[in-house]
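Some features that Swiss-Prot has for this protein:
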TRANSIT   1-21  transit peptide
REGION    37-58  region 'Disordered'
COMPBIAS  38-52  compositional bias 'Basic and acidic residues'
BINDING   Cys164, Cys586, Cys589, Cys595  [4Fe-4S] cluster binding site
Amino acid sequence: MSRFWHFKKFYFTSCYSMQRMRGKIFKNEPLVPMNVTSEHEQVQSISKEESRSLSSNDLNLSADSELQLESEPEIESEQLKNHEDVYEIIRSMVLAADTTLPRLSNNSLTGIYNHWKLNPNDDLPLYNPTKYTPYEFHSQYNQDRSYIITPRLSVTKLLVSSWCELRSFYQVYSGSVRLPSTKAMTQGTKLHSKLEAEVHPEIDTTEIEQFLISNAMSLRELQTTVPAEEETVVIDLGEVEQLAVDWAEMLIERLFSLIMGAEAREILLHGYLNLKNRSFVTNKDEIRESSSVLVSGIVDYIKLQNVTNPSDGTLFDDIHGFVDSAFDQVDNVPLVDLSQFLPEAKQILQNYDFRLTFTDVKTRSARQIPRQESVLEAAKFQTFYYRHFFHLLSRDSRFTYFSLIENAERRGHDVDKPLSILTTISLLRKHYHIFFKDFVKLANGEPIGFSPFDDSAKSIPYDFVSMFQSSDEFSLANPNHNHFLEQISAIDGIEYDSILSPLLKVWKTPPTLRYLAARASQLFNVFNENIGDITSVEYRYNKTSELLSEKVYDYNFSEFQAEVESASKFWNGEREVIPTEDLSRCSYCEFQSKCMVAGGKTTEAVEKKTIGPKIRQFLNECESSSKG
């Protein structure tokens, strides 16, 4: 009689038996995963007696449990013998006697064998033997803890068919082990930074920040009379501050640059994918539903242009003409009032047939583009995701505002927490042309002209005065800023007397993530009627930034939605995983040595090799059933 027949025969009866045994003997203790070794661990040789011991441990039969077993009078000895027979059959199918546990060649294999509780002599099964969907597992067992703290996906994670779906599948259940960075990846990152700096030159505020920190530490000793609950945070380098900087620079500044200069790089985008109906959320009430998964991405390049005449710059002549005539200047830089600029810019854009195009940049270590059709298709769909996200974020400023608020709150951030003084002054220095007029409004407690923010902004005293003094002239009652302004102006020559002096007071409304969400949502909405359907992928040589090729695509919503549905079914565990048919790709895969597809196994061999994993699935189901 075959082993598989034994398995089928005992499948239902033994699950019931295991539940009874767990209830009376094991006290619902969890199933302990087999301790699989990696190449860094010693190979274990298991004798016939050790085989029994290992299997007992695997089923959580400790010495104490066996003693307790003997002390249970209500369990008949014959019944125990039957139970032992069941376990003996299971053990014989899962782990043979005199077995040597092989070393697994990398951490990804070690992770998936431990998570799936597999015998390391077996190949990897082609299906998931656990109760967790890929998304559930990704959100609970992930080497990057930020995905556990804030469950979410990225655009690239949705492109599961790019190389091999089976590899993507195994990567999830390995615990999303990070692969080591390669030289090509490092060079690619440098190229992206270089391209970004060409459009958005970095303003180095290191010296100013060091001066402010040093000055703040000197003044702290003098501020002994300020109650702790009234003290404004001066220095905070936490996650809220980092998100604030990202929103200010990778949303507000980039979108403003897109309006003023026709192009922008590295813009943050996001959407909420409803895994139940396999589509992206389009109304704010649906954002908070548990089935709506946050999906984030960064689009490499967006250009605003006349698609029929790319050299046409009349739109930007009009916008610059308006800005130069409407706003005062400091150091020949207009101080833009966003409350006035946003509606005017939107009106100007509507008068022109200019459209946004969306580009992703792929870096290559050789002067050739990918030959695999699936890789090219995935790159195309990546640009479709970015185009779709921008469309959703530009449709309705209220939707985008609440979408950003939800984004921050899912990360555990308080959107009404005042930003630190250091973050505020840094944003002011780098982007005073955008933020100065708004900061004046916040300081005076004036509305910014966006009702969702104006109606909900909290009035919290924000001390933007005490820290901007020198220690030799410090006073809480009568602050004197003359020496301080001389010192900070000497660092980089900016007219701080013009952009800082009007703000040196206790603000009535502090700068917060909520404020940044409001302005970002309005800037997205400026482009509401200018979303184009052209996307492209640039392939660049990472050593020289040479453009090797550019693939241009027309956005197709039906085609895109089919891709979204397929990705949703993958992450929901609603369809079978499709392995690659190109086995030459397997040589680049960390799971190759244990993959049945990579090994070219026949259908009969694959069926035979899945018996062991089916037993593991059975054991996991019994464990879940006993806990329920």
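FYI, residue positions are counted from 1 along the chain as it appears here.
Cβ atoms here come from the backbone N, Cα and C positions, even for glycine.
Here the features listed in Swiss-Prot are placed on the structure.
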residue	record	Cβ neighbours (10 Å)
Cys164	[4Fe-4S] cluster binding site	27
Cys586	[4Fe-4S] cluster binding site	20
Cys589	[4Fe-4S] cluster binding site	19
Cys595	[4Fe-4S] cluster binding site	23
Report the residues of the chain - excluding Cys164, Cys586, Cys589, Cys595 - with C-beta within 8 Å of the mean position of the site's C-beta atoms, for the recorded [4Fe-4S] cluster site, in sequence order. Leu166, Arg167, Pro579, Thr580, Leu583, Arg585, Tyr588, Phe591, Gln592, Val597, Ala598
Secondary structure at Cys586 ([4Fe-4S] cluster binding site), reduced by DSSP to three states: helix
Work out the three-state DSSP category of Cys164 ([4Fe-4S] cluster binding site). coil
